[in-house]
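Asks: Can you keep this structure in mind? I'll have questions shortly.
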Amino acid sequence: NSSSSSFTLVGVPGLEAFPTSLGILFCSAYVLAMVGNGAVLLGLGLDKALQAPTHRFLGMLAVIDVVMVTSVVPKMLSVFWLDSAEIGYVACFVQMFLVHSTTAAESGVLLAMAVDRYVAICRPLRYQAILNGHAVAQIGLAIVLRALLFMVPLTGLVTSLPYCGSRVVPHSYCEHMAVASLACADPGPSGLYSVAWSSLIVGMDMAFIAVSYGMILKAVLGKESCWKALSTCGCHLCVVLLFYIPGIVSIYSQRFGGAVSARTRVLLADLYLTLPTTLNPLVYSMRTRQIRQALLTML
């Protein structure tokens, strides 16, 4: 009974009989993500001593995680629990824009964090001069502009397609390929653009992160401060792996997933958006001593 100007979300294909369990899983992840990232932002906002570039990048990461998880989970819960599967035409593409632009922005922030660790360890005397407030603001602006540069053309390609047939999206949110595949015209150009840009962004960011950590290893190996320096990078590496490994699998399974079941592809995409946003505050931010002390003082 959906109107001609809306889409209908399926949820997780093959698991429609378990809406309560799926809802509990993603609702728990959403609550943890909001509480964890909200606590980080509150701690950074209340403690004026937390103004280092590292803390500002953590704040950017927390904001992106909040936007990313909020853009998908509330609607997913309405599909699972309220049987409200219909999503408006404009709302669907806004959700798509938010999901894919925040993932591109998060990749940029992780790269900025790797550069921050490199400067802090390899150029400690020039750390404040290189990563001053103006430089951090420029990095943040560049991250946002790159995400927009990626998503604006992709959104134009997808919205220009005619949707004259089925509007049932075999997904739990408006994922790009799931929506584009419903078009009456060939969605190939938008799919090729998405894969090419995603591969470029992820590949470039991962290459620069690897170079940063290679230079860090070269600088600290054999020195007394080696383990201390590596321990400060360990949490960031965990976050990087937690974000990129599911992300790469999800991107290519959506595009070339003929051998992967629809249920697996959708679950991978859902976990890719919710798992890192839930664990980032625990794995990284809460293990930062200054933030932990600020939160304990506040409590």
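Every residue, even glycine, has its Cβ placed from backbone N, Cα and C.
As annotated in TrEMBL:
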DOMAIN    36-284  domain 'G-protein coupled receptors family 1 profile'
TRANSMEM  20-45  transmembrane segment
TRANSMEM  57-81  transmembrane segment
TRANSMEM  87-114  transmembrane segment
TRANSMEM  135-158  transmembrane segment
TRANSMEM  195-217  transmembrane segment
TRANSMEM  229-252  transmembrane segment
TRANSMEM  264-284  transmembrane segment
Asks: Take the C-beta pairs under 8 A between the transmembrane segment (195-217) and each of 20-45, 57-81, 87-114, 264-284. Which stretch has the highest count?
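Replies: Maximum Cβ contact count belongs to 87-114.
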Asks: Return the average pLDDT for the domain 'G-protein coupled receptors family 1 profile' (36-284) as a whole number.
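Replies: Per the prediction, mean pLDDT sits at 84 for the domain 'G-protein coupled receptors family 1 profile' (36-284).
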Asks: Determine which residues of the chain contact the transmembrane segment (87-114) at the Cβ level, with the cut-off under 8 Å and only residues 6 or more beyond its ends counted.
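Replies: Apart from its flanks, the transmembrane segment (87-114) reaches 5-9, 54, 57, 60-61, 64-65, 67-68, 71-72, 75, 139, 142-144, 146-148, 150-151, 154-155, 158-159, 169, 173-176, 179, 194, 201-202, 205, 208-209, 212-213, 236, 239-240, 243-244, 247, 273, 276.
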